[in-house]
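To start, the structure under review is shown below, and the notes come after it.
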There are 4 protein chains.
Amino acid sequence: MPLTPEQQAEIDDLRASPRPTLRAVSEGMEAHLYTAYPVLDHGFVRVIDYMGDDAAITQAARVSYGKGTKAVSNDEGLIRYLMRHWHSTPFEMCEVKLHVKLPVFVARQWIRHRTANVNEYSARYSILDREFYIPRAEDLAAQSTVNNQGRGEALTGAEAERVLEYLKGDAARCYDHYEEMIGQEGQQGLARELARMNLPANIYTQWYWKVDLHNLFHFLRLRADAHAQYEIRVYAEEMCRLVKDWVPYAYAAFEDYRMGGATLSSKAIDCVRRMLKGEQVTQETSGMSKGEWREFMGVVEG
Amino acid sequence: MPLTPEQQAEIDDLRASPRPTLRAVSEGMEAHLYTAYPVLDHGFVRVIDYMGDDAAITQAARVSYGKGTKAVSNDEGLIRYLMRHWHSTPFEMCEVKLHVKLPVFVARQWIRHRTANVNEYSARYSILDREFYIPRAEDLAAQSTVNNQGRGEALTGAEAERVLEYLKGDAARCYDHYEEMIGQEGQQGLARELARMNLPANIYTQWYWKVDLHNLFHFLRLRADAHAQYEIRVYAEEMCRLVKDWVPYAYAAFEDYRMGGATLSSKAIDCVRRMLKGEQVTQETSGMSKGEWREFMGVVEG
Amino acid sequence: MPLTPEQQAEIDDLRASPRPTLRAVSEGMEAHLYTAYPVLDHGFVRVIDYMGDDAAITQAARVSYGKGTKAVSNDEGLIRYLMRHWHSTPFEMCEVKLHVKLPVFVARQWIRHRTANVNEYSARYSILDREFYIPRAEDLAAQSTVNNQGRGEALTGAEAERVLEYLKGDAARCYDHYEEMIGQEGQQGLARELARMNLPANIYTQWYWKVDLHNLFHFLRLRADAHAQYEIRVYAEEMCRLVKDWVPYAYAAFEDYRMGGATLSSKAIDCVRRMLKGEQVTQETSGMSKGEWREFMGVVEG
Amino acid sequence: MPLTPEQQAEIDDLRASPRPTLRAVSEGMEAHLYTAYPVLDHGFVRVIDYMGDDAAITQAARVSYGKGTKAVSNDEGLIRYLMRHWHSTPFEMCEVKLHVKLPVFVARQWIRHRTANVNEYSARYSILDREFYIPRAEDLAAQSTVNNQGRGEALTGAEAERVLEYLKGDAARCYDHYEEMIGQEGQQGLARELARMNLPANIYTQWYWKVDLHNLFHFLRLRADAHAQYEIRVYAEEMCRLVKDWVPYAYAAFEDYRMGGATLSSKAIDCVRRMLKGEQVTQETSGMSKGEWREFMGVVEG
């Protein structure tokens, strides 16, 4: 469990003290506030604050489109319309602030999403805790043989054991030396900003991450996708669960149009039309490369 | 007064219905929520939502700097430290959403601040109201004779009268024609997206504008400054009043270090040092251009 | 023609003086540099500078993906792969700087694309020219009767004549008064920053606009689309022509996957699969709304 | 030396083949193109491409400010004026693309500057090289005793030896295990995206980094500053040298107004004024905290 009793007591305190507000309130999100949901072996995601709800999206859209939006009479229909036609600004009107604890190699992927606000725990000022991500046996995936980026089956037997031994042993030894270098009785100690360089990328860090709903959806589309690395995907999936309770209409539209959707090229559209007219289209007659065709088959055949 | 009775009733309703929340609450900002504060002749600023308070800034900083921030024991001192040393990310942890009604020529300046979220009333979909900014007599400033950008004294007499007559007359005529073009009984009417091109830049538009506190401070530093155009400055000043009640410590630090502060060049610092040692420094011996020297005198002599 | 003889001479000069460089050179783009391509009645687009070419995209991708990219052997295939899988960062490695002259109401749409650098001609400092966009008769579209946002057929006869008369007359009168207000012999003149408020939205402005290729493609996808307003679409189309000569592989991939592509929702994908199995799917059995079904039919039937 | 003979030959080739261009050319930057300038023990910075020069900055400013800028007759004076008055957009009109090789813990600081384009070598796809940053003896700084963030004197003797032994030994062992885990003859091998988690933060990575001049100056102001961590400062200093040759006027203005400048708070300005009138101001009578006063003395006394 990633929290100390003191931290848990602090969360319980925060959750015990509701205060009145005139702002938009999402009951679904209030139920999650501050609670740390575990991810991986030592990580977590927890919501620190949020702004807006489903109605805030349509309210902003109605400012923009005025009488133009009246044709779509209800919030759910309007949100689906906005999502389908790539209107991004109404979704930017909602904001969420998360506290995330995650391994450094996951943080390095995550931070590539630039349109967000971040305050990360600083290893220049402070000392990192002795906590490392060690995969479960079933997550020790082999390199894929068909895909440079992907994973194959889990390693087994002696190879799996050896990997776990390396990961645990190296993390422990590197951390022991990190501690020794930053100082002991009667010694000056190496500057923290230097000592941290000895720590491997599976050490945990933490940050506050604040993002608007449009950019969060973009993050989730890429990171909750089946092709994302497992260790970031589990964070994205946990966040999907939170977003679903926060803005249920927006999340449902996101699921239908983005997560479950697919983009067809003009060549692919042409093939669909020919196929619907009864033509037998093959990769050779499609005008697509083998890779494109394989992906296209994945869409139309499932 | 820029609001209809229906709009005022809606605001009163929203203000009458507090709901419990577990989020951070700023009492100062709750007092302002939804209320439309008048700006110029038909404009307003009102707060629709906010996230965070002074404590949210230091909370994020303490995640970042961990034990490193303990030396500064209280929130106010830490916020001053962060502002003084240009730490921007903790201030990004607060967010505010405003509803603003403003003339188009002001909106065109405002939108140049790119790091914000905007939903503007669309004149492609909807019909703009017949509301134009007409300056008060005392705001009919002449072109400055010393500064290409600035304003001189207010126009008076016949010249002032003529200007007001032009502004009012042209606005009225252009709007009449706009209305006629978009359609009358038995006619198709010109597309709204085309008809709007006939409207002058003092017509009012409105938008939802959402921004984090760091970027809001940047906006306010430039737009509440004495050199900003009067018509945007009055919006910035109204927003300063709101921010002061929202995050009082952060606003006080902003006032001291940004609004009331000044940046000296290395040449200017050198001059200050020489002057403090008793040397009589002149523009000629300062190494500065006349313009720089004049601005420098403004800082050291007040 | 939007250029003065002096401006044309300056362009000719710039085009007559090649200099050696060690940077990547795009022959296709060199042929366009500085030339002002007319758009609308007084507008233009011209390329001032560019960085990178098709090879710069794949070069950056090969830094990122290292040996992983070798499977795709050539630049064209790799660029198609990157576009298909939504890899945005390699396309960000190309940059272009344009000089654009455009009506203010077009500029107001354009500037909503925030990820770009802009220097616009300032009507606070300087005096705008007497140039207004007056649509051609065939572009005087009526409001669409089926779509709040769209255009119908062109107006004709007396109604068209009246519209043109209004647009021309109001622009001329507003500009006359603008000139008078900013000053005549023996008068102070109203500050320029105020006088400009009398100018209608079809007056021309100009700016330097600098953007990376990824964000430019995003702009073009939205603004060269059939649903974009005609007056911004003609700029986008002119820019498409320039981009095609600059980075031909990237542009071809953009055309296939973005401009000519379509995104299907999970419901739509399900319908395609059922239809390919021979099922007669109707709107009622599709699970889609009428609007969604109509758009879906547009994709699969063309 | 960080380059292989093949890489050096490639650079020599690129530098041997000038081509004609009609774009703005900076002779100072042409002299640096492609050359890898060493930083730290295995790192480098090299310029891959650039857009614009000093004249491009003033050209953009003259579009914006039109006749308003004529008062400042020459490029150098105008650039100083723009820098002094915080005009950022003209500086955004220049762009540079760098290829940087740097330790991961430096990359983690660097990436916090969000307004840039990045393509980093991917350890999901590819195998990292066995190259680690090992500080020189004189750079093995102790933790500062006065500042949580800073460094003190270099460690010496047995403590220094032990630190170097740990850094070298742990890096070597972690890399050995990384290699073993990703596979040997007859084994599947752990997925690269997992194996990389065993590598410490002093391993080298590399990326293409593209940024505009305004944001580059912001980066350099923070990272070439005396308070920046030494290991990133040496990159910033190398980049300063390149920028100075690229846009000499802009760099000189940056040095005077930003790097060598200082911001005074309103309290500090008040103190300067009192001191210039002959008053003996002390920390107690200044209204400043001890920390502020110490920093203020650093500015006025040097």
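Note that the numbers count up from 1, one per residue, in the order the chain is shown.
Cβ coordinates are placed from backbone N, Cα and C, and glycine is handled just like the others.
TrEMBL entries are annotated by machine, without manual review.
Since we're looking at a predicted model, the values are computed, not measured.
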TrEMBL annotation, dUMP site containing B:Q109, B:W110, B:I111, B:R112, B:E120, B:Y121, B:S122, B:A123, B:R124, B:R223 - matching residue among B:R84, B:R151, B:R196, B:R241: B:R196
Winner by Cβ contact number (other Cβ atoms within 10 Å) across the binding-site residues B:I111, B:L213: B:L213
Neighbour count (Cβ, 10 Å) for B:H218 (FAD binding site): 18
Number of other Cβ atoms within 10 Å of the Cβ of B:R223 (active site, involved in ionization of N3 of dUMP, leading to its activation) across all protein chains: 22
Rounded Cα-Cα span from B:R124 (dUMP binding site) to B:H113 (FAD binding site), Å: 23
Candidate with the highest Cβ count within 10 Å, taken from the binding-site residues B:T89, B:Q109: B:T89
Among B:T89, B:E120, B:S122, B:L213 (the binding-site residues), residues with Cβ under 8 Å to chain A, listed in sequence order: B:T89, B:E120, B:S122
For dUMP, whose listed binding residues are B:Q109, B:W110, B:I111, B:R112, B:E120, B:Y121, B:S122, B:A123, B:R124, B:R196, B:R223, the greatest C-alpha pairwise distance in Å: 29
Collapsed DSSP category at B:E120 (FAD binding site): strand
Per-residue Cβ crowding (10 Å cut-off), top of binding-site residues B:H113, B:R124: B:R124
For B:Q109 (dUMP binding site), the one of B:T89, B:E120, B:H218, B:R223 that lies nearest, given that the recorded positions are compared by Cα: B:R223
Candidates from B:I111, B:H113, B:R124, B:L213 close to chain C, where binding-site residues are judged by Cβ under 8 Å: B:I111, B:R124
Between B:I111 (dUMP binding site) and B:L213 (FAD binding site): CA-CA distance (Å): 17
Nearest recorded site to B:R223 (active site, involved in ionization of N3 of dUMP, leading to its activation) by CA-CA distance, among binding-site residues B:T89, B:I111, B:E120, B:S122, B:R124: B:I111
